[in-house]
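Here is the structure we will look at, set down as structure tokens.
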Amino acid sequence: QVFDQACKGIYDRAIFKKLELVCDDCYNLYRKPKVATTCRENCYANSVFRQCLDDLLLINVVDEYISGVQIVGK
């Protein structure tokens with residue numbers, strides 16, 4: 001799934017793919033289905049997505065990902 005119907009912002013396949021990869025990697029890290037589904041809630045604008053960024057050691061590029069969330073989730 002590359003496009004989430006809950007996202008009402010600009011459709012950008014590259015951004016969706018990048019955000020989706022964070023949730024996929026986070027799921028692979030913890031192997032808990034709830035992590036995968038919760039990470040995608042509210043078009044990635046949630047605390048689990050932020051925690052996944054931290055857990056995947058993406059702290060230095062958090063702003064880039066949050067900007068992507070804002071673009072697709074308006």
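Yeah, the Cβs are placed from backbone N, Cα and C, and that goes for glycine too.
The disulfide partner of Cys7, as annotated in Swiss-Prot and taken from the candidates Cys39, Cys43, is Cys43. Not a single one of the recorded positions Cys7, Cys43, Val72 has a C-alpha within 10 angstroms of the C-alpha of Cys52 (disulfide bond).
DSSP assigns Cys52 (disulfide bond) to a helical segment in the three-state reduction.
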